[in-house]
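Just below is one structure, and these are the notes that go with it.
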Amino acid sequence: MRAPTTVRCSGRIQRARWRGFLPLVLALLMGTSHAQRDSVGRYEPASRDANRLWRPVGNHPAAAAAKVYSLFREPDAPVPGLSPSEWNQPGQGIPGRLAEAEARRPSRAQQLRRVQSPVQTRRSNPRGQQPPAARTAHSVVRLATPQRPAAARRGRLTGRNVCGGQCCPGWTTSNSTNHCIKPVCQPPCQNRGSCSRPQLCICRSGFRGARCEEVIPEEEFDPQNARPVPRRSVEGAPGPHRSSEARGSLVTRIQPLLPPLPPPPSRTLSQTRPLQQHAGLSRTVRRYPATGTNGQLMSNALPSGPGPELRDSSQQAAHMNHLSHPWGLNLTEKIKKIKVVFTPTICKQTCARGRCANTCEKGDTTTLYSQGGHGHDPKSGFRIYFCQIPCLNGGRCIGRDECWCPANSTGKFCHLPVPQPDREPPGRGSQHRALLEGPLKQSTFTLPLSNQLASVNPSLVKVQMQHPPEASVQIHQVARVRGEVDPVPEDNSVETRASHRPHGSSGHSHWASNSIPARAGEAPRPPPVPSRHYGLLGQCYLSTVNGQCANPLGELTSQEDCCGSVGTSWGVTSCAPCPPRPAFPVIENGQLECPQGYKRLNLSHCQDINECLTLGLCKDSECVNTRGSYLCTCRPGLMLDPSRSRCVSDKAVSMKQGLCYRSMVSGTCTLPLVQRITKQICCCSRVGKAWGSKCEHCPLPGTEAFREICPAGHGYAYSSSDIRLSMRKAEEEELASPVREQRQQSSGPPPGAAERQPLRAATATWIEAETLPDKGDSRAIQITTSAPHLPARVPGDATGRPTPSLPGQGIPEGPAEEQVIPSSDVLVTHGPPGFDPCFAGASNICGPGTCVKLPNGYRCVCSPGYQLHPSQDYCTDDNECLRNPCEGRGRCVNSVGSYSCLCYPGYTLATLGDTQECQDVDECEQPGVCSGGRCSNTEGSYHCECDQGYVMVRRGHCQDINECRHPGTCPDGRCVNSPGSYTCLACEEGYIGQSGNCVDMNECLTPGICAHGRCINMEGSFRCSCEPGYELTPDKKGCRDVDECASRASCPTGLCLNTEGSFTCSACQSGYWVNEDGTACEDLDECAFPGVCPTGVCTNTVGSFSCKDCDRGFRPSPLGNSCEDVDECEGPQNSCLGGECKNTDGSYQCLCPQGFQLANGTVCEDVDECVGEEHCAPHGECLNSPGSFFCLCAPGFASAEGGTRCQDVDECATTEPCLGGHCVNTEGSFNCLCETGFQPAPDSGECVDIDECANDTVCGNHGFCDNTDGSFRCLCDQGFETSPSGWECVDVNECELMLAVCGDALCENVEGSFLCLCASDLEEYDAEEGHCRPRVAGAQRIPEVPTEEQAAGLTGMECYAEHNGGPPCSQILGQNSTQAECCSTQGARWGETCDPCPSEDSVEFSELCPSGQGYIPVEGAWTFGQAMYTDADECILFGPALCQNGRCLNTVPGYICLCNPGYHYDAVSRKCQDHNECQDLACENGECVNTEGSFHCFCSPPLILDLSGQRCVNSTSSSEDFPDHDIHMDICWKKVTNDVCSQPLRGHHTTYTECCCQDGEAWSQQCALCPPRSSEVYAQLCNVARIEAEREAGIHFRPGYEYGPGPDDLPETLYGPDGAPFYNYLGPEDTVPEPPFSNTASHLGDNTPILEPPLQPSELQPPAIQNPLASFEGLQAEECGILNGCENGRCVRVREGYTCDCFEGFQLDTALMACVDVNECEDLNGAARLCAHGHCENTEGSYRCHCSPGYVAEPGPPHCAAKE
């Protein structure tokens, strides 16, 4: 860059130039002197009415400095100094004019002395007084005007950045397009930098500056002062574009009011002023080892020193430069007072009877004022702090402009690192920490400050509010209080710059903590690029389960703060999963991506995220921030739970065991458990009430003692395996604190040397060695080294006693274990007796090491990273870089006590213990590398091979080819480019393809379109404009006739008929007729017709008429269209009491009914027929009734002739009471003459069958007795037959019946069989040949071994019956049958393959069953080498499959089925099927209902069932004399002994249900036994829960009752030991169930506890439901007059008949007269939707809720809540 040249011009030219510039200069001075600066770099007048004069170029911080590169002019503003002809002069563009103006500019030094912005003037003058020279200085401003876009000449501009038909200032069109998307940078970017936005250059690595004109020198990190130092260039020459003259001008710029000073030496300047490596938007990222311990990837350009000031050590060091605030800080330091408007919510916990509940109450809106950074309201207990500055690196705001910094940072914003050790001293920060401790709870909010000047990025203030722990706070507004701004001295003014935030920043992101103001002579650094979530705060979720976000944080955060730390999902209105993050910092497309645990500080820095600032991260524990993560630590006596985020007491995992007592009364423990358990298992469950040998009472829930042993609440306990126990060593902060205190009081070496490595607890073994060959008695101490990286530990003496700690160390002694100490030589010194060199006044005589006293001197034990000086008297730094630890992959930088590797690009730093090395980075593993191609990793780099559809660009990346740029790609459609390809899409309706684009189609050219209207073409469509009488169709593409009849306005009193374009009226209503033109119905005058209203006056009305002034005896009708007679018999004034009033014209008469007589002409009195006459004698009593009488007949008589006399009831003719006998009617009764085999019943007198088979001796031992009506029969066994009398079984003599059955052998009859005997003992009988043959000589014949095929047939397999239309092998007869047993009996198929049995006439059947059907071989029985066969007992082979509902009886061959009563045998199914008695038995006057094995007759009132049970007859008395419950009542027996009933219930009879469910054990004259009280039948009969059955079956939604009275009970398993319900198992009734009745427990034995109804919260009590059928007694199924006996309900008899009282969950279907299930999931009439956050499943009589992922079931009303 050449030096500026001063050009002399003539006075005319200068006057002309100043004449053109004078208005602009005056406007500049007048406008900016009172201008307010906003956050986008614009100067605006203080008055709102003043016009905006000008604005600097761009919206970056370059506009804030005094150096102005160019100005944009407004579209209609003239350019000063140039005429319109010169402005538009062809052939000479704006760059040429600028070059000419540049040539006429004065020198840079002159310009800087003449042009000063108000901001720099205030910064440069400490007192804020502007000298007259500065006020009257003239401004020389260089102008630049954007070129007119070339696209304006090609056609209309579209898209963004278009202003008034041309590109907006700062933008131009890209090549071959009409879009203003190309930014303009003037002057252009240098050194191959790219123009990202107007006047914003993105620099390549190694360059910086507003135009990338400077080269960044390489810098090293100096740990002494924690700031980077530029490396000296070769020969000390300055970088490009930087000369000594230029440096001199820099100093002149900073100090404009001082005389010019000579330029300082370049070497001194480079050493004392740190350069900005990350100036501009350079992509250079250099990571240096952070001096802090949190692992922050800090910038190497951080300002050093404790405060925000930076002093220059050059010749101008006497002048102080005040640093401006970091980027993004608005002008809020002048605010003295703010107000905070918030609403507190007070929550309190109330406990009653062992249960605690939280009650919250919202308070009033409260306003607190913060004066001087903090405010306090002593009445409400609230305290607030606010900060106008962001506290970085985990710092906390504790007052106005005051940050409390953690141990690893310092400075005003906590933006500076501090040297090691990493933990802060105990005394540091105690002054401010005391403000944050105490009983109050603290909440932190980062909010924008309202009531301030308009700005793009409003000021963010951090408000910390201390409030009572039971309160929560919601802040509504943080506002600045006007009129409370104090004047600020000029030296403390802030240079306001354009504020931008990096990617992902929000109100919580302190991204600008490490920024440095621009150096003198440089353009200020541009701000970071705004992110896509600029200024956006959302909800952070800690867990994501199956796509559902859960566990949200209690405060709003930005996406980067959330996803970079502990969050898994983030969003504002809907959550989205966090994107993946790289393993190390990566810059792609100008954006910096930070690894997990870090966030962007600016475009080139990643800063560690302090997760400990997140509320509620470590519950009840202390959060410690670490590098890229965090840890939760606990106090002594506490430990982390399995979640590693909460501290629990050691008592929660105690393994001490003792007895657990289930009851504790008056300090006495009873009911101990058998097994010893821990206290937390005993007390955390609901079982134990006390524990231990001392009977320690379990703490109540909700108390602190309960939370100590049960931190997870009721039902949960920790085990020692869940929590990893660890010994707690002394913290580094505790070990290092005495060292810091020692050094604070001494003046020893600088603190950076000895504090490089933290002290760790270690042990050592000291061995006394032999005497050294030195003078005196000095002894040497040999140190055994095994771990050289641990610091020294002061040993104990030879006897094992601990040696006192050395000063400056303060390390407590540990156990006597092996000590690990690095060895060194021994330095022996002499001194007077008692002289201790280690305590001779020096704080640390050895420096970074440990001084060890020897008998005659001392020695130094150096710390790791240090070595003994050659003089052997102190420790010095060890230069590890001489050993090349970085192995050529990076540059080694030695530091005091350590070293670091600065890895080259393509390598990453790996730390292994205390060593560092550079490893190759596999760039191909990073997402997005080589997108559209294949990545190949190389040593230190990588390269891409592009796929088809991609092309390699300049930087080695693959870029998609946009095929749609070619017009011929999609000639007939629309081209859509995609990564690596493209797609041709058909044009939408209304468009046609033309050269790759879709153009509009003119549908109006189509003939016949828009009939009855006019066609109007539109973009992509068309519409019709209709003629009068027509309207548009819904799609607006046609015209249709308007139906005038659709509106009631046409023919409202008639029938409207629509026509094309018109309508007509017809069929007018009564009282109207059609007018002449037929378009309306007019009123008809009915009074004009004769005969209307003959007894009154006719009055015409619209559409009708009325009759008025009726004659006497008449009145107007209700319709008013006639006069009607007055009926005197109506109304309450009826004169005929007890009789019928008959109306006449003008009068009436009384007619009395039969049995009444008229008295006084108006009253009908009853005639008493029973007086003086005996109408019902002699078998009845006369009872008078109103208007009649009836006879009350004696038993055995019935009323006749309408109840006027009594006649005998012929029971023999009506009911047939004598079944099996002859009925003889008597006067008022009857007698039964029973036939043989019947006897009269003692209770009813009817003839009942005598069961002869009750005597076991009947039929003898060889038969089975089968009882029949009036007799019996004997069914004899095989070989026996019935005797002639039929009452016994006698043996059959086969030898007599079967002639020659034994052939030539002798036949001998035996009991039930016979034998064939040969005459000679040398012969034996052959059953197959039927004669005797000689015996085999020597021995009996050996049976033949069956073949393999025969053996397979002897294997037991499945036997199948005939399928009868179903699948062939679906009916199994037996599981283990041989083929002969199956196929010779009832089987049809056999075996694993279900092979069919052979037919009876086949050879296979003859071989399988030689003896025929029904005979099987005897296993193991052989005679003369042949198998013996016997009859197959089908009842044994196929017992379960035969004769179901009956008894199987074997015969020879075959079997018979003896079916139970009510069943008949079905030969097809081989079972006893139910016999439908209703088909052949007439249920007279009633309804017959068939049941399984029986039937029932049901009668309708007033009929009742007679004693035969098959006929419905009239009751012998009136219905009033027989209540509903008197049907089928009998004696109830209280005791049954040996099947004999005794102790009948005296006083009244009961029903079967009432007897068995109360105290009875049997019922009726037949002594019918009641079911056992522990059986399921009893539970169903008496409507009680069966405890044992419920425990076996688990939890049921409904009890198993069916009929009978009783409340709606729930099984006992729904209740705990104390009677309290388990809310986790509540069904869908939405109410807490009541426990079973206490009186039912008396039937369960003495050991069953009686359950008491628990205390229920009022909000859970169900409302009282009044059941109108609750007072009726439930009937048994056989007693019910409804089909199926009211399943899912109870049958009750009411006066109208029978009905069903349905159980809960069912409703009565009156059409089916049955209880059907209620689908609760479709019932939308409830108070709240069922199963919120889940889906509802309907079940029989109930429903279930299935919660969605991330939700769990909640007690109370059925809904699902988010999982915590």
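Using N, Cα and C of the backbone, Cβ positions are placed for all residues, glycine too.
Swiss-Prot lists CYS203-CYS212 (among others) with the feature disulfide bond, giving sequence analysis as the kind of evidence. Following the DSSP three-state reduction, the secondary structure of CYS203 (disulfide bond) is coil.
Annotation for CYS634 (disulfide bond): spatial neighbours SER621, GLU622, LEU640, CYS647, criterion Cβ-Cβ under 8 Å with sequence separation of six or more. For CYS634-CYS647 (among others), the entry in Swiss-Prot reads disulfide bond, with the evidence type sequence analysis.
Its own atom aside, the Cβ of CYS660 (disulfide bond) has 26 Cβ atoms within 10 angstroms in the protein chains shown. The disulfide bond feature in Swiss-Prot is assigned to CYS660-CYS682 (among others); the stated evidence is sequence analysis.
The disulfide bond annotation in Swiss-Prot covers CYS930-CYS944 (among others), and the record cites sequence analysis as its basis. CYS930 (disulfide bond): 21 other CB atoms within 10 A of its CB, across all protein chains.
Residues annotated as disulfide bond in Swiss-Prot, with sequence analysis given as evidence: CYS1004-CYS1015 (among others). Secondary structure from DSSP puts CYS1015 (disulfide bond) in a beta strand.
Annotation source Swiss-Prot lists domain 'EGF-like 9' at 1041-1082. The average pLDDT computed over the domain 'EGF-like 9' (1041-1082) stands at 85.
Cβ neighbours within 10 Å of CYS1051 (disulfide bond), excluding its own Cβ and spanning all shown chains: 25. Taken from Swiss-Prot, the feature disulfide bond applies to CYS1051-CYS1065 (among others), supported by sequence analysis.
DSSP assigns CYS1087 (disulfide bond) to a helix in the three-state reduction. As annotated by Swiss-Prot, disulfide bond applies to CYS1087-CYS1098 (among others), with the evidence given as sequence analysis.
Long-range Cβ neighbours of CYS1123 (disulfide bond) (same chain, at least 6 residues apart, Cβ-Cβ under 8 Å): CYS1093, PRO1094, THR1095, GLY1096, CYS1107, CYS1110, ASP1111, PHE1114, ARG1115, PRO1116, SER1117. Sequence annotations record features per position, and here Swiss-Prot assigns disulfide bond to CYS1110-CYS1123 (among others) based on sequence analysis.
Using DSSP to sort the residues of the domain 'EGF-like 11' (1125-1165) gives these counts of helix, strand and coil: 0 helix, 19 strand, 22 coil. Swiss-Prot lists 1125-1165 with the feature domain 'EGF-like 11'.
DSSP classifies CYS1259 (disulfide bond) as coil under the three-state reduction. When Cβ atoms from all protein chains are considered, those within 10 Å of CYS1259 (disulfide bond) total 26, not counting its own. Annotation source Swiss-Prot lists disulfide bond at CYS1259-CYS1274 (among others).
The secondary structure of CYS1382 (disulfide bond), as reduced to three states from DSSP, is helical. Annotation for CYS1382 (disulfide bond): same-chain Cβ neighbours under 8 Å, separated by at least 6 residues, are CYS1359, LEU1373, GLY1374, TRP1390, CYS1397. Among the features that Swiss-Prot reports, disulfide bond is placed at CYS1359-CYS1382 (among others), with the record citing sequence analysis.
Among the features that Swiss-Prot reports, disulfide bond is placed at CYS1478-CYS1488 (among others), with the record citing sequence analysis. Under DSSP, CYS1478 (disulfide bond) is assigned to a helix (H, G or I) in the three-state scheme. Residues within less than 8 Å, Cβ to Cβ, of CYS1478 (disulfide bond) and separated from it by at least 6 positions along the same chain comprise CYS1488, VAL1489, ASN1490, PHE1495.
If you look up Swiss-Prot, you'll see CYS1499-CYS1512 (among others) marked as disulfide bond. Close to CYS1512 (disulfide bond) in the fold, though at least 6 residues off in sequence, lie CYS1483, GLU1484, ASN1485, GLY1486, CYS1497, CYS1499, SER1500, LEU1503, ILE1504, LEU1505, ASP1506, each with a CB less than 8 Å from its CB.
Taken from Swiss-Prot, the feature region 'C-terminal domain' covers 1585-1764, and the record attributes it to similarity to another entry.
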Enumerate same-chain residues with a sequence separation of six or more from CYS944 (disulfide bond) and a Cβ-Cβ distance below 8 A; give 'none' if the list is empty. VAL929, CYS930, GLY933, ARG934, CYS935, SER936, MET952, GLY956, HIS957, CYS958
Among the disulfide-bonded residues CYS212, CYS1015, point out the residue whose Cβ has the most other Cβ atoms within 10 Å, with all shown protein chains included in the count. CYS212
Using DSSP, how many residues of the domain 'EGF-like 9' (1041-1082) fall into helix, strand and coil, respectively? 3 helix, 16 strand, 23 coil
Going by DSSP, is CYS660 (disulfide bond) sitting in a helix, a strand, or coil? strand
Where's the emptiest Cβ shell within 10 Å among the disulfide-bonded residues CYS1065, CYS1110, CYS1274? CYS1110
Of the disulfide-bonded residues CYS212, CYS1087, CYS1098, CYS1259, CYS1274, which one has its Cα closest to the Cα of CYS1004 (disulfide bond)? CYS212
Largest tally of Cβ atoms lying within 10 Å of a Cβ, found at which of the disulfide-bonded residues CYS647, CYS1087: CYS647
For the disulfide-bonded residues CYS203, CYS1098, CYS1488, which Cβ has the most other Cβ atoms within 10 Å, all shown protein chains included? CYS203
For CYS1499 (disulfide bond), the number of neighbouring Cβ atoms whose distance to its own Cβ is within 10 Å equals 20
On a C-alpha basis, identify the one among CYS1015, CYS1087, CYS1274 that is nearest to CYS682 (disulfide bond); the candidates are the disulfide-bonded residues. CYS1274
Inter-residue Cα distance where the pair is CYS1087 (disulfide bond) and CYS1065 (disulfide bond), in Å: 24
With every protein chain in view, how many other Cβ atoms are within 10 Å of the Cβ of CYS1004 (disulfide bond)? 15
Cα distance, CYS660 (disulfide bond) to CYS212 (disulfide bond), nearest Å? 80
Going by DSSP, give the three-state secondary structure for CYS1098 (disulfide bond). strand
